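Before any comments, here is the structure.
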Amino acid sequence: MIESEHRPTQIRVNLDAIAENFEQVMTNLPPKTEAFAVVKANAYGHGAVAVAKKLSSQAAGFCVSNLDEALELRKAGIEHPILILGVVPVRFLPVAHQLNISVTVASLDWLQDAKDLEADLSGLTVHLKLDTGMGRIGFRKIADLLQAIAILEELEYDIEGVYTHFATADEVEQAHFESQLSVFKEFLDVLPITPRWIHASNSATSIWHADTVFNLVRLGNILYGLNPSGRVLELPFGVQPALSLVSEIVHVKQVEAGTTIGYGATYHSTDSEWIATVPIGYADGLVRSLQGLSVLVDGQACEIVGRISMDQITIRLPRAYPLGQKVTLIGQDGDKTISVQEWADRIGTINYEVVCLLTDRLPRIFE
């Protein structure tokens, strides 16, 4: 998708806020705890390269989802450790090895395929993933883990880390969390090795279970000023939202009562109204179910009326405004704010998904 840099619609990212959020979390963790910043999915829509460069003096390393995301960081000059959290097909391991990118080992089947590779990958750095109750990837039996370690030593891979992922660290009920923590400790008790990093804490665990961290945490959406729990658990400290989404009015008109607006002619003006058009739509991540949400114009809430189109929305204004008038879809204008969480509430999802839905067509402006 081509970035629309000649359009007034853009995402603005406050990199200083991200750096300050990082420090805010770290001050609440035990001394000597290290952190990998999670910059997968283009840093949750905020811009992976820019975020990684900003955090290069704070983070011990970075987590990504796949090899291509890791390559993007390496090509941008990021030399920190990079851990791929997903499973990398073994045929691509030589690329990871060449660029010193750490991969996740999650099954004996994968290891057998790695053994069959006709390539010397000695020194490849790996992290062993344990499935303690998340149910996605990872070793579930101690015997399988021990066998995996033996194979890794035979292949002369460097076992840099062992980790798991909690499924319910952001919820009120903690029985499943405690069960996962107990299972993880049982695995650790029989480890015949001492990896550099042992990690289980995502953002939620680092925030609400700081006493259970090991020597490394993985900080994700909290860095971007988002609450991992949505509205379920309150944050024990303040963070700054790092992303705002703005555009401009490109067309404005006064319509008489009974005028229809948008596809399906679903909106009918009830009186003489000022209607403005803003160049953003569902192709940018403004999904159609956000119809009826308000945006901010001159510090005033203005409702999105009519169906959201692929590239445009229409909003109802309190009065006439000139072309070029700023429109805030996420962020602050005057004393009013529209948050990512408000979008999530409107469409029945989580704040993570909202920022990840914002497409690459939207230019990221770093401030």
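Just so it is clear, glycine is given a Cβ too, placed from its N, Cα and C backbone atoms.
Positions annotated as active site, proton acceptor by Swiss-Prot: LYS40, TYR263. Under the heading substrate binding site, Swiss-Prot lists ARG136, MET310, citing sequence analysis as support. Residues annotated as N6-(pyridoxal phosphate)lysine in Swiss-Prot, with sequence analysis given as evidence: LYS40.
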Per DSSP, three-state class assigned to LYS40 (active site, proton acceptor): helix
Top Cα neighbour of LYS40 (active site, proton acceptor) in the set of recorded positions ARG136, TYR263, MET310: ARG136
Where ARG136 (substrate binding site) falls in three-state DSSP terms: coil
Integer Å distance between the CA atoms belonging to TYR263 (active site, proton acceptor) and ARG136 (substrate binding site): 41
Residue pair TYR263 (active site, proton acceptor), MET310 (substrate binding site) - Cα distance, angstrom, rounded: 11
DSSP three-state assignment (helix, strand or coil) for TYR263 (active site, proton acceptor): helix
TYR263 (active site, proton acceptor): tally of other CB atoms within 10 A of its CB: 12
Sparsest-packed of the listed recorded positions (LYS40, ARG136) - C-beta count within 10 angstroms: ARG136
Sequence-distant neighbours of MET310 (substrate binding site) in its chain (C-beta under 8 A, six or more apart): GLY281, TYR282, ALA283
